[in-house]
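K.L.:
Below are the structure tokens for one structure; questions will follow.
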Amino acid sequence: MKKTKSSRIIIVLFLLIPVIQLLVFSYIPILSNIYLSFTNYKGVGIPKWIGLKNYERLFTDPQYIMVFKNCLWYMLVAIPQLVFAFVLAIFVNGKFRGLNLFKGVLIIPYLLNGVIVSTIFIIFFNNSGTLNLLLETVGLGQFKQQWLQNLKLVNPSIASISIWRYYGMNFIMFFGALQTIPGDLFEAAAVDGCTKWQEIKYISIPSIRKVLFINILLSVSGSIQVFEIPYIMMNGANGTVTPVIQIQQSAFSENRVGFAAALSILVFVIVVIAVGLQSIFNKKGES
Amino acid sequence: MIKEGKFYKILRYLFLFGACIFVIIPIVPLIYMAFKTGAEYSSTNVLTPPKNWFNSYNFLYAIRVGGLGKALINTAVILSISLTLQILFTTMVSYVLHRFDFRGRKLIMTLFTLTMFIPVVTTQTVVFQIIYRMGLVNKMASVIILYSGVGIIGIYIMFNLLDSISKELDQSALIDGASYFTIYRRIILPLLKPACTTLLILNGIGYYNDFYIPNLYLRKDVQTFTVALYKFFGNMSTPFEIVSAAILLGIIPIGLVYIFLQKYIYYGLAGAIKS
């Protein structure tokens, strides 16, 4: 459109507030965090430059190394989560009796908030909870555990909640991708006498590959940002602290804002790598 | 269509039933608990159904003591203001970035796109200080300001639709003497309605369920439903059967939204993810 005075007015008017919000709540904070991460800022007073000390601490103090190690559990459970979501998407894709009912039930976890999910799984993992009761009922009583008190089991236990909570999102993405496969591909395959298994192997799986990769990277950037479940269920106790819980504790309980900033930047870098790979891959797939 | 063999069909049903059980089993004890009396809760195991399915004591108790009603109203206020603002801002930004060519357009578009790389959790140490200096901590305005920001996904959803709205429509309106604002108000905004619905559902669910932001900024009197539920649940003296009842009450709004808007949720999510 032509540049006129009135067009200039509307451009400025319509962009003003959103761009200010963008700068004040995203860009200024991330840039000041980079600066603060090299200081010993306490939340008040003048930040003092301490160079790489915060980062040194992060990479050498076992307490903080553990915080990042905990994320590995969340990345690990992404594997069964993606497999489950993928198989589900394959089976749901198609027309059959009860389709909508299944879809309705399967999406439930996606709609529940962190407090609800935490409560559900406290009941589930409790000593007299659902899991132990089920084990006993099927005759596997000897495998009963104190899932949330045993320091070896607590992290894998609460990490596995992610499977239940987030598979729905992966499922919807896979399902969406399957729906975009052109119908004539299937028709041609049908004419050629292709079986259902061949269809899955040669049509469905290849066309879902791109979405699969995006989902893996989403899981990586999600794992590094885990907060709600360990915070609400455990309050970080029994060695369940994640980077985001640690950021919150350092910044708001211990007033070590500089250190929290360094931790934030580390999380930020990992997310940048994951999301960056994702968009590179996305572009490559298009061209 | 490729014929599905009998074996495939059976396998599908087995798998889907299994998946549904996997989803439902952890929830069942919660539902049972909400209807149990305190004595019943301590004397029965988690998978025993309640004796009386019409026991409303826990629900009434949760409403009376937990301040959940008030929290639910707070959530409604926060959501309606911030979603209205966000959707309005998103349509405005998208209209300008899509229909006008001006210096700095690329830069602004890039700035919005790059927010994908800046997770909320990595900026809050500083954002908290900003909100604090604005004097907004423990006020609804803090959460509203943070929620109403325009996101790149919203812009993409709008762009998808704007691509299909003919530019000649704007041009002819312009020739007829309409101002740019009139074009936005009378032509663009009504046509963007479906995209607005998608965004409304997507972020509506997200914000209703969000815990991180309200827990950080609303620590005292004003609480959202999620935070109130957390406080309620964190208070060890609250009996578990009451917490369960409170949770079931909290699921009702989102359940209703889901039942009525199921179709939009599936396609909205799939659409948003594609773009």
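Each residue, glycine too, has its Cβ placed from N, Cα and C.
No curator has checked TrEMBL annotations; they are predicted automatically.
If you look up TrEMBL, you'll see B:12-35, B:71-97, B:109-132, B:144-162, B:183-208, B:242-261 marked as transmembrane segment.
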K.L.:
In terms of Cβ proximity under 8 Å, which residues at least six beyond the ends of the transmembrane segment (B:12-35) contact it?
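P.N.:
Residues 4, 41, 46-50, 52-55, 58-59, 240-241, 244-245, 247-248.
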K.L.:
Mind checking which residues of the chain, 6+ beyond the ends of the transmembrane segment (B:183-208), have their Cβ under 8 Å from one of its Cβ atoms?
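P.N.:
Tertiary neighbours of the transmembrane segment (B:183-208) are 75, 78-79, 82-83, 86-87, 90-92, 94-95, 147, 151, 153-154, 157-158, 160-162, 165, 169-170, 173-174, 225-226, 253-254, 257, 261, 264-265, 267-269, 271-272.
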K.L.:
Should anything in the same chain at least six residues away from the transmembrane segment (B:109-132) have a Cβ under 8 Å from its Cβ atoms, list it; otherwise answer none.
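P.N.:
That would be 93, 97, 142, 145-146, 150-152, 155, 212-213, 216-217.
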